[in-house]
Amino acid sequence: MEKVQSSFKKMSLWQVVIIGVAYMTPMVVFDTFGIVSGITDGRVPLAYLLALFAMLLTAFSYARFARQTEKSGSAYTYTAESCGTNAGFFVGWCALMDYILLPLVNALLAGIYLEAIMPSVPYWAWVCVFTALVTLINCFRINILANLSIIFVAAPLLLMLVFIYLVVRGIGSEQGYEHVLTLTPLFNGDSSVFPLVAGAAILCFSFLGFDAVTTMSHETKEPKKNIPRAVLLTTLTGGVIFFSASWFIQLYFPSNVRFNNPDEALPEIVLYVGGALFQAIFLVAQIMNTFASGLATHASASRLIHIMGRDGIFHKGTFGQVHAKLGTPMYAVLTIGLISLMAIVLDLATVVSMVSFGALIAFTAVNFSVFMKFYVKDGQRHGLKHIFLNAVLPWLSVLVMMGLWFNLERVALICGCVWLALGVLLFTYKRLRKQNIVISSAY
């Protein structure tokens with residue numbers, strides 16, 4: 001995730017947590033609800049609990065590394081230091097897939113929201129307009145998002161609270177308030193496990209960004225103490241928000257039968273719960289949030305491609321240079337813009353699964369790196385405590401991540417494996433020519 005710029009006054013623990021939660025974009029629970037509800041047969045809250053368990057295991061691994069140094073870290077740096085630069089390259093390669101897909105996700109969501117507000121304009125036109133605007137701004141280096149603010153968390157949470165109030169009022173007035181106090185959202189549908197795991201695998205997308213706080217060590221007070229805490233608190237806070245919101249959505253929509261398009265259910269969810277006015281307010285807020293996220297993710301992806309060009313991993317003459325007058329990596333910015341236009345033909349479920357593919361690879365690598373660093377390299381294997389923390393827990397985390405990974409959509413697994421194969425070809429080519437494979441300052 002994009003590094004937050006340092007300020008003169010270092011941030012406290014809770015300021016870092018707020019930024020971490022902002023990176024996670026809490027409103028994503030509405031975007032993926034219809035998809036996951038269909039997969040899990042109406043058990044989205046339970047799938048979120050499973051995803052939260054998996055993410056907390058991984059957050060603990062990130063915290064272990066953050067406790068060791070005051071330097072900023074990431075999945076790439078932790079893997080490269082613990083398992084070698086070759087392993088680090090492939091983790092960085094998987095991270096690159098997420099970087100270039102996240103702007104595409106924002107373009108896709110913007111198209112969905114804008115078409116819901118003005119259906120007379122076709123979806124593809126909205127995607128083109130949104131992508132062109134975001135690309136243009138990044139080309140001219142207009143820094144609209146210089147600093148993250150609490151508003152990126154407060155505004156969505158306020159809308160979420162209004163939504164929950166409307167759900168409670170609606171169910172209470174129509175069916176009686178006793179129907180609000182029920183465990184139905186947790187144990188809805190059948191009891192099969194594999195659909196639940198498949199849903200949790202997709203929901204890992206919701207937690208993307210919790211690891212961003214490990215890049216903020218230089219801007220944080222007492223980083224060795226506060227960054228590990230912030231990683232765990234960010235994950236837990238995000239999980240509570242996602243679980244609570246999905247609980248009330250599932251309470252109002254036990255199944256997907258009311259949705260015309262479950263994969264793009266957000267406009268229908270807020271329309272049924274709050275009416276046309278609430279839908280308009282909600283969608284405008286979502287568009288603003290998506291635009292802000294689109295600018296940030298586009299800039300981050302462009303920066304990473306530029307860095308890989310500068311390091312010679314990609315063509316240096318094309319991607320390693322910045323525009324003489326504008327000072328921006330123009331070709332990298334335009335490349336991300338072109339990739340974002342694929343939102344015209346791709347659907348949200350497939351893209352989210354592909355992003356989860358890359359994230360789960362990175363999370364698996366971090367968990368395995370704990371074992372390699374502390375148990376193998378540092379020799380911390382004496383006593384039950386060290387065995388549990390440095391061997392049992394990391395391997396449990398690896399197995400959980402692999403279980404989620406294998407339950408992703410078939411299309412996402414195929415596309416992800418193709419991306420990995422391209423990475424293998426690039427790695428082999430660079431090795432044969434004895435060229436650099438180390439990504440400097442990748443995150």
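Sequential numbering from 1, following the chain as shown.
Glycine too: its Cβ is placed from the backbone N, Cα and C atoms.
Database features, via TrEMBL:
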type	residues	note
TRANSMEM	12-40	transmembrane segment
DOMAIN	17-377	domain 'Amino acid permease/ SLC12A'
TRANSMEM	46-66	transmembrane segment
TRANSMEM	87-111	transmembrane segment
TRANSMEM	123-143	transmembrane segment
TRANSMEM	150-172	transmembrane segment
TRANSMEM	192-210	transmembrane segment
TRANSMEM	230-249	transmembrane segment
TRANSMEM	269-288	transmembrane segment
TRANSMEM	331-349	transmembrane segment
TRANSMEM	355-375	transmembrane segment
TRANSMEM	387-405	transmembrane segment
TRANSMEM	411-429	transmembrane segment
Residues of the parent chain within Cβ reach of the transmembrane segment (192-210), under 8 Å, 6 or more residues beyond its termini: 1, 20, 22-25, 28-29, 32, 35-36, 39-41, 43-44, 46-48, 50-52, 54-55, 59, 98, 102, 231, 234-235, 238-239, 242, 349, 352-353, 355-356, 359-360, 363, 403-405, 407-409
Cβ contacts the transmembrane segment (411-429)/the transmembrane segment (87-111), at least three under 8 Å, sequence gap 6 or more: yes
Top Cβ-contact partner of the transmembrane segment (355-375) among 12-40, 87-111, 150-172 (pairs under 8 Å): 87-111
Intrachain neighbours beyond the transmembrane segment (387-405), with Cβ under 8 angstroms and 6 or more residues off its ends: 51, 53-54, 57-58, 60-61, 64, 197, 200-201, 204, 356-357, 360-361, 363-364, 367-368, 370-371, 374-375, 380-381
Annotated stretches the transmembrane segment (87-111) and the transmembrane segment (150-172) touching (3 or more Cβ pairs under 8 Å): no
Closest-packing stretch to the transmembrane segment (269-288), where packing means Cβ pairs under 8 Å, from 12-40, 150-172, 230-249, 331-349: 150-172
Contact yes or no, the transmembrane segment (12-40) and the transmembrane segment (230-249), 3+ Cβ pairs under 8 Å, gap 6+: yes
